[in-house]
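Asks: This is the structure, below, for whatever I ask next.
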Amino acid sequence: MNYQNLSPQLRRSIWPVAGLLVLLLTNVLIAPEFFSIEIKDGRLYGSLIDVLNRAAPVALLAIGMTLVIATGGVDLSVGSVMAIAGAVSAGLIVSGVDSVFLVIGGGLLAGLAAGFVNGFLVGYFGIQPIVATLILMVAGRGVAQLINSGQIVTFHHEGFEFLGVGYLFGLPFPIILVIITFVLVQLLMRRTALGLFVEGVGANASASHYIGINDKLIKLMVYCLSGLCAALAGMIAAADIGGSDANNAGLWLELDAILAVVIGGASLMGGRFSLFLSIIGALIIQALTITIILSGVPPKFNLLIKAAAIIVILLLQSPEFRRQLGRIKQWRRA
Amino acid sequence: MNTDNTLLALRGVVKTFPGVKALDGVDFTLRKGEIHALLGENGAGKSTLIKVMTGVYRRDGGDISLEDKPIHPANTGDAQNLGISTVYQEVNLLPNLTVAQNLFLGLEPKRFGCIDWRRMNREARELLAGYELDLDVTAALNTYSVAIQQLIAIARGVSMSAKVLILDEPTASLDADEVASLFKIMRELRDKGIGIVFVTHFLDQVYAVCDRITVLRNGALVGEFEAASLSQQDLVSHMLGKALEKAVHEKIEHADAESRDKLFELKGARSQALEALDLSVSAGQVVGLAGLLGSGRTELCKLVFGVDGLVAGDAELNGQHVRFTNPRQAVVAGLGLCPEDRKKDGIFGPMSIRENMIMALQNKRGWWRYIPMKKQRELAERYVKALKIATSDIEKPINQLSGGNQQKVILARWLAAEPRLMLLDEPTRGIDVGAHAEIIQLIRQLCAQGLGLIVASSELDELVEFSDKVIVMRDRRKVAEVSGNEITQQRIMQAIAGQPQAS
Amino acid sequence: MHKKFLPLYVTCSLFALLFAAGAVQFENFGSLRVFMNLFTDNAFLIIAAIGMTFVILSGGIDLSVGSTIALSGVIISVLMQNYGWHPLPAFALVLVLGTLFGASMGAIIHYYQLQPFIVTLAGMFFARGLSSVISEESVPIMHSFYDDVAMFGFELPGGAWLGSSTIIALVVLALAIWLANFTRLGGRVYGLGGDAQSAALMGVPIARTTISVYALSSFMAALAGIVFSFYTFSGYSLAAVGVELDAIAAVVIGGTLLTGGYGYVLGTLFGVLIMGVVQTYISFDGTLSSWWTKIVIGLLLFVFIALQRYLVGRGQKSR
């Protein structure tokens with residue numbers, strides 16, 4: 001099949017999906033048991049499930065981050081928002097709230113509030129996204145510590161812990177949560193015109209204004225969604241360890257989330273987005289980590305390899321770099 | 001002609017961009033100690049010519065010589081070192097630096113390895129005194145008005161030992177007094193032997209200050225004239241490419257649309273950019289907006305559409321009082337605008353033709369009532385066929401289409417939203433002949449379907465062809481309104497040139 | 001008084017106000033000793049934030065600062081402990097490597113037209129990754145030179161101490177002010193941040209300036225890493241996590257516009273000192289907890305960004 005004849009969507013999907021497949025195949029070659037999945041007590045176990053489960057928080061963040069980046073912005077605060085949401089939920093549990101809905105609702109509300117602050121600063125105040133979200137990135141961990149009174153708050157609450165360690169339909173619940181969030185956001189974006197408007201605002205803010213799209217409201221909305229996704233990820237992290245650690249919950253995950261979106265092929269300038277590809281991006285990051293472990297390379301090389309991967313992907317996206325590549329090809333042919 | 005006096009000479013300069021020949025063998029001669037107007041409508045090649053002179057673009061052919069020596073400026077720094085300086089309309093200085101820094105950036109006086117601020121400020125004050133400017137040179141540039149920034153830019157250009165000074169629309173945002181003081185400076189510089197290239201859209205200013213005039217059209221030289229011996233009317237006809245006597249009136253008889261109910265009306269309406277004016281459009285009527293570039297056509301469209309706010313006066317839609325403070329309200333009320341700058345304000349580059357087309361309709365319906373994909377495709381296919389948009393696939397990103405096809409997509413976008421009043425700002429600009437004719441035909445059809453249309457255009461023949469009424473703008477004012485059989489190219493041109501109606 | 005100095009005045013007065021508030025409330029707060037300790041405790045941050053100031057003035061951002069500090073500490077300690085190097089050649093090597101590292105990031109940003117935040121993010125991963133590859137363990141530094149340098153200093157009245165790191169920070173500050181305001185490079189950096197397109201038209205060499213700015217920032221970060229190692233007497237790959245955020249916060253609180261073009265190196269010093277005073281205040285108080293530092297800094301960031309936004313908005317309207 002001719003590469004040029006593929007539809008643009010399909011063409012965009014090829015690289016991330018191929019990248020993930022290559023990584024997975026490498027893993028199988030190194031460790032043949034990689035693809036083997038066991039069923040114990042109606043639950044699935046195996047390396048593949050592990051990859052999915054560990055990628056869940058970043059995948060959730062990536063869903064929100066995708067929308068933010070599609071409008072031409074970026075949300076640096078998601079790691080801190082994770083810490084806040086975890087702290088709020090933990091705080092509710094230890095203060096005697098029993099209803100799992102209230103606990104989760106409290107965490108989500110915290111995320112929504114954080115997203116609202118970000119979105120308001122970016123959309124209505126006109127502050128650059130990096131700058132606006134930097135504020136909460138710095139202050140957010142302080143807020144989380146304040147809620148926790150500086151302690152690592154541990155708790156025991158079966159209903160809430162289900163978020164992190166539960167199983168549903170044989171799969172770890174975080175995976176299910178990612179699937180549900182993905183489906184909901186995908187429906188919201190693609191079954192209504194919101195996705196179209198988000199892409200429009202990112203692709204050409206001025207043209208959106210001339211058509212009468214309410215670009216400020218769109219921006220507010222995507223940051224709110226990003227806050228909600230971060231809150232969900234934060235609660236999974238807290239439920240997983242049965243405690244809220246304001247210092248370390250979600251630390252540096254904002255960077256992984258941005259990376260996942262970039263690996264998924266989205267432009268940081270805004271425009272086209274694909275939630276599916278961003279999740280593939282999150283899986284690639286996790287699969288890469290596992291590949292490093294399986295291949296016997298000491299895990300200390302992890303970050304270095306990740307850095308190299310970002311540089312390569314960024315360069316491949318740069319038109320100037322492609323031009324240089326093209327010139328080298330021509331020169332070799334001549 | 002006194003050839004010894006030649007300062008800068010361009011001979012047969014060619015510049016091609018992919019698909020366009022922007023300059024086609026253009027000659028241009030600047031003498032020492034003259035102010036030389038470079039005139040032409042949009043796309044005539046003025047800015048390309050300037051960019052070739054100043055090294056922003058490399059020419060593809062022809063010769064440039066400065067004082068009889070061939071030159072090949074590779075960038076603006078190069079051109080500056082050779083003695084060619086440019087001052088742009090959007091003052092290209094650094095707003096955050098001090099006045100003195102702006103004057104001396106790159107050439108700061110130094111002492112013991114440090115920038116000698118005291119000397120720099122003193123020299124800056126001395127330099128500006130020559131322009132009758134007494135400023136606090138240690139204040140940031142953006143604390144001063146655009147007019148003063150303009151003069152500072154000129155002072156910088158001249159102080160860098162300029163032989164040639166290019167002023168690219170320096171007067172666009174100045175008031176009358178500021179223009180007068182600018183002209184005084186220009187004349188003084190001329191008397192010192194500097195050659196000045198003056199680009200402007202204000203014809204009065206050309207006659208007020210220029211010695212000679214070069215006119216370009218469609219990337220080619222029309223001619224070089226002595227300002228004293230070229231009438232304003234002849235100048236306009238050179239710029240527009242229509243000899244007055246040949247301007248045949250091919251008017252198709254229009255029904256007298258004035259009697260019908262008014263669809264939209266402006267009464268004594270004024271914006272930041274426009275002086276008060278009246279305007280009315282009826283359903284099924286085409287109102288043409290004529291005038292040179294910068295005359296206020298675009299600003300009038302923006303005023304109607306709510307991009308620029310109404311400062312004074314009244315607007316009525318179907319007899320109802322309306323006041324649009326942003327485009328959203330205008331769209332909801334049934335207006336649509338195809339903006340002048342397609343790339344900047346019109347297209348969603350990476351998005352598909354289909355998505356570009358449904359955007360306005362979708363926004364009107366609201367985000368929760370998503371147009372079903374099947375209907376989107378039908379709509380897009382229909383308009384691709386109806387407007388003869390040349391594409392293999394409606395899912396192609398719009399930035400892969402030619403200019404004419406992009407314009408048709410934007411037209412389709414609004415037609416799909418079924419507006420009552422359409423504003424088309426330069427709908428035929430930069431598109432090829434075939435698409436051009438189709439768009440004109442479309443304008444007629446729309447009018448026949450009962451839409452009200454306001455069309456701004458710099459091409460008189462097309463205005464004459466489709467307009468029921470033409471409003472002529474000049475210097476951000478409405479200077480004439482002609483309707484019915486009075487609409488002739490000659491009549492419009494006279495109004496643009498600012499002459500009383502020839503009887 | 002020039003309007004352009006307004007943020008600087010605000011910063012300086014805020015520092016004075018906070019310091020005075022502390023002095024009124026606590027007995028030993030208003031002393032030269034506490035004041036000098038602000039420098040001693042934050043010398044490495046002052047140096048890193050000064051480097052960051054240049055980057056932000058030019059309209060960019062550098063997220064790799066913290067990990068560059070860690071990397072230079074690790075390289076120094078490993079060279080000394082495992083290879084028996086004297087500290088001085090190790091310092092020289094680290095400074096050169098740091099400069100090259102920053103220059104490469106600057107080159108990638110300029111020539112491939114990539115956003116500074118993502119390129120320096122990759123740089124952050126790279127430096128952090130490289131330091132953990134070199135040594136995952138904390139490597140202790142034992143060398144008589146280090147003891148000498150760490151002990152070096154002058155006793156000031158009231159038991160205050162002017163130590164070697166403070167001296168280095170002050171020298172760096174003086175040089176940075178000279179670089180920013182008395183050399184052509186400084187003017188170009190401001191120009192680049194003011195309007196890159198105009199700067200190019202006015203003959204500013206954009207490539208050279210961009211590369212210099214990032215090279216300078218990484219050089220400063222490497223230097224900060226050296227100073228940092230005088231406190232810790234070790235090199236550790238997980239040291240100085242998040243210092244880039246502290247540095248950015250200090251620059252913004254110091255009155256530099258995050259979009260570039262406006263601000264002063266001296267303001268950054270006061271930005272760091274304000275953060276130091278907040279910390280000192282909280283430790284003097286005893287009942288307040290350490291996380292209030294982060295919240296207060298976040299609030300200050302917000303206030304300064306809002307103030308900038310207001311000033312810029314007003315500036316545009318008046319034009």
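Heads up, the Cβ atoms here are built off N, Cα and C, so glycines get one too.
No curator has checked TrEMBL annotations; they are predicted automatically.
As annotated in TrEMBL:
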type: TRANSMEM; residues: A:12-30; note: transmembrane segment
type: TRANSMEM; residues: A:51-70; note: transmembrane segment
type: TRANSMEM; residues: A:101-121; note: transmembrane segment
type: TRANSMEM; residues: A:127-144; note: transmembrane segment
type: TRANSMEM; residues: A:165-188; note: transmembrane segment
type: TRANSMEM; residues: A:220-239; note: transmembrane segment
type: TRANSMEM; residues: A:251-268; note: transmembrane segment
type: TRANSMEM; residues: A:275-297; note: transmembrane segment
type: TRANSMEM; residues: A:303-321; note: transmembrane segment
Asks: Of the stretches A:12-30, A:51-70, A:127-144, A:251-268, which racks up the most C-beta pairs under 8 Å with the transmembrane segment (A:303-321)?
Replies: A:251-268
Asks: Could you tell me what the rest of the chain brings near the transmembrane segment (A:51-70), counting residues at least six beyond its ends with Cβ under 8 Å?
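Replies: Sequence-distant neighbours of the transmembrane segment (A:51-70): 78, 82, 129, 171-172, 174-175, 177-178, 181-182, 185, 189, 198-199, 202, 222-223, 225-230, 232-233, 236-237, 250, 253-254, 256-258, 260-261, 264, 266, 268, 270-275, 278-279, 281-283, 285-287, 289-290.
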Asks: Which residues of the chain, 6 or more past the ends of the transmembrane segment (A:127-144), have a CB below 8 A from one of its CBs?
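Replies: Contacts of the transmembrane segment (A:127-144) (Cβ under 8 Å, skipping residues fewer than 6 from its ends): 68, 72-77, 79-81, 83-84, 86-87, 114, 117-118, 121, 223, 244, 246-247, 249, 254.
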Asks: Restricting to the same chain and to residues at least six past its boundaries, which positions have a Cβ under 8 Å from a Cβ of the transmembrane segment (A:220-239)?
Replies: 56-58, 60-61, 63-65, 67-68, 70-71, 73, 75, 77-79, 81-87, 89-90, 104, 107-108, 110-116, 118-120, 122-124, 133, 160-165, 174, 177, 181, 185, 194, 198, 249-250, 253
Asks: Against which stretches of its own chain does the transmembrane segment (A:275-297) lie, if we need a Cβ under 8 Å and a gap of at least six residues from its ends?
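Replies: Same-chain contacts beyond the ends: 12-13, 16-17, 19-20, 23-24, 26-27, 30-31, 34, 47, 50-52, 54-55, 58-59, 62-63, 65-66, 178, 182, 185-186, 189, 256-257, 259-266, 305-306, 309.
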